Every structure is written in C-alpha cells, then in structure tokens.
Amino acid sequence: GTPCKCHGYIGVYWFMLAGCPNGYGYNLSCPYFLGICCVDR
C-alpha cells in the first residue's frame, strides 16, 4: 500500500477500509481521506 504518517509513525494507507485489516499486527490507526492509515509500531 501507500505509505502514510500517523502520530509521527510511518504506516500503510488502506483505501476504502473503515478499519485496519486483521493479521498484520496493526495497533495504531488514523482516519484518512477515503480510507485509514494503519501502523504496526
């Protein structure tokens, strides 16, 4: 996916998702335009 910033961390932008997908170890997320930014810090 596309890199994105969330709370000072670099995360992955997921298009058209309301929540982070399971199985990736994400524990931080930020709402983005038409999607969500997920970080596994």
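For all residues, glycine too, the Cβ spot is worked out from N, Cα and C.
Annotation for C4 (disulfide bond): same-chain Cβ neighbours under 8 Å, separated by at least 6 residues, are I10, G11, V12, Y13, C30, Y32, C37. C4 (disulfide bond) falls within a strand segment according to DSSP. According to Swiss-Prot, the feature disulfide bond maps to C4-C37 (among others), an assignment based on similarity to another entry.
C6 (disulfide bond) is surrounded by 20 other CB atoms, counting those within 10 A of its CB over all protein chains shown. Under the heading disulfide bond, Swiss-Prot lists C6-C30 (among others).
Taking Cβ-Cβ distances under 8 Å and a sequence separation of 6 or more, the neighbours of C38 (disulfide bond) in its chain are C6, G11, V12, Y13, W14, C20, P21, Y24, Y26, L28, S29. Look at C38 (disulfide bond): DSSP puts it in a strand. What Swiss-Prot lists as disulfide bond is C20-C38 (among others), and the listing cites similarity to another entry.
In this structure, C30 (disulfide bond) is part of a beta strand by DSSP.
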